[in-house]
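See below for the structure under consideration.
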Amino acid sequence: MAKMSLIFSLFVGLLMVVLVSSAKFDDLYQTSWAFDHVQYDGDTLKLNLDNYSGAGFASKSKYLFGKVSIQIKLVGGDSAGTVTAFYMSSDGPNHNEFDFEFLGNTTGEPYLVQTNVYVNGVGNREQRLDLWFDPTKEFHTYSLLWNQRQVVFLVDETPIRVHTNLEHKGIPFPKDQAMGVYSSIWNADDWATQGGRVKTDWSHAPFIASYKGFDIDACECPASVAGADNAKKCSSSAEKRFWWDEPTLSELNVHQSHQLMWVRANHLIYDYCTDTSRFPAIPTECVHHRH
C-alpha cells in the first residue's frame, strides 16, 4: 500500500508540472507587428522584409526554465543587411535575454550566427560563428535550453554555446525573470554585414524567413504572478519534479562537450572573451567558464 501511495504521489506531482508543446503557431504565438508582412502557407509561417517594413511575432505566454525550439529556413540568395532573430527576453530595463541573430550576407558567402546573453540589462557577450550547413536550403532547428544551472544554445541539438551559472563566483545569472519568446526580421545594414560596409539591396526584396515546428516545453508563468513565486513554482521540490532540474541537465554530457569543442574549434569566428580591444580586462565570467 505504501508503494502504491508513493506511485500515486509521484503521478500527482508529475501532473503539476506545467509543460507546453505544440507545432501550431496559433497555439503558442501571435503576430506582434506588421501583420501585412506575415504569410501562412500550411504549417509554415513566413516573415517578409521589404523597404517598408520587417515583421515579428511573440509568444502569448512567458516562461521560466525549460526548452524552446523553432525550425527556421533563412533568407536565401543575397541577404546582406538583413537580420533574422530568434530570442527570449523578459521586460524592463534590467531584463534578461538570450539571442540568436542570423546575419545575412552576399550570395555565396556564409550566414553568420551571433549569440548574446543579457543579465540584468547588461549584454555585450557576443559570439559569432558560421554554420556547417547552408541554413537557407532546408529547415534547421534552433533551441534554447534554460535551467538554474546553465543556458545552452543548440543548433540541430548540437550545443554551440553554454552560459553557466557562476553565482558562487559573484556573477549574476538569469533565473528569476520569466521570458517571452520572439522572432523577427528587419533591416540592419548599418552593422549586420561586414560591419555595415555591405548594404541591403532592395531589388532582391521581399526577403523571406520561413518557420515551422513551434515547440515549447517549459514552465508557463502567468503575468499576474510575482517573480519570486514563479521561481518557486517552476523549480523542483519534494512535491513535484521538473525534467530541466534533473542532475543530467546540470551540465553538458561528454558527447555534448565534444560537440561544443568541435564547434568552437571549427566555426567560432568571434568571441567577446578574447576581444581585448573592447575588454582590456577579461570579463569575469570568461575567466571561470569552462567553455
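Any Cβ shown, glycine's included, is placed from N, Cα and C.
These features come from TrEMBL:
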DOMAIN    1-211  domain 'GH16'
SIGNAL    1-22  signal peptide
ACT_SITE  GLU97  active site, nucleophile
ACT_SITE  GLU101  active site, proton donor
CARBOHYD  ASN105  N-linked glycosylation site
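Under a cutoff of 8 A between CB atoms, and with a sequence separation of 6+ in the same chain, the neighbours of the residue listed as 'N-linked glycosylation site' are SER79, ALA80, TYR111, LEU112, THR193, VAL198. As a whole-number mean, the pLDDT of the domain 'GH16' (1-211) in this prediction is 87.
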